[in-house]
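**Q** Summarising the annotation, TrEMBL assigns compositional bias 'Basic and acidic residues' to 148-158. Residues or ranges marked as domain 'Transcription factor CBF/NF-Y/archaeal histone' by TrEMBL: 14-79. The region 'Disordered' annotation in TrEMBL covers 139-158.
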Amino acid sequence: MDPMDIVGKTKEDASLPKATMTKIIKEMLPPDVRVARDAQDLLIECCVEFINLISSESNEVCNREDKRTIAPEHVLKALEVLGFGEYIEEVFAAYEQHKLETVDTVRAGKCSNVAEMTEEEALAAQQRMFAEARARMNGVVTAPPKQQDSEADQRLDS
């Protein structure tokens, strides 16, 4: 990966893929709005800092419960503690949707036997998730996606 594709100073710095983050930023804005490159970089750095903040507080919540693994409920509690309680319902809904959409799961160290998505299927799923995220950000409630009878679903049933 080209070091210019990631926002961050060194390999040790926490970073996010710049191209993906830029796409998310652009998709959340009206098509006629442009964002300066330095503003995009600042937004991405804000995202990194937000993730660091939530991760750190999630770890604190986890430690207070004498747990060794941060669980989703620790993240939700961290949001509440940090004053982001108004987002908990939306974050939980997104997490539940993610669980439903995740085909390849890892359980007990073994990968499931479900075939991987084709590049076209992955792109379509990504576009659908971006659209659903935009709708949630704009206050539009979306119904969960309809299940299709794909080959992967048929393999799970057998």
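Glycine is no exception: its Cβ is also placed from the backbone N, Cα and C atoms.
Because TrEMBL annotations are produced automatically, they should be read as predictions rather than curated entries.
Could you give the neighbours, burial and distances for every feature on this list?
**A** Mean pLDDT for the domain 'Transcription factor CBF/NF-Y/archaeal histone' (14-79) in the predicted structure: 94.
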**Q** What counts of helix, strand and coil residues does DSSP assign across the domain 'Transcription factor CBF/NF-Y/archaeal histone' (14-79)?
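**A** Counts, helix then strand then coil: 47 helix, 1 strand, 18 coil.
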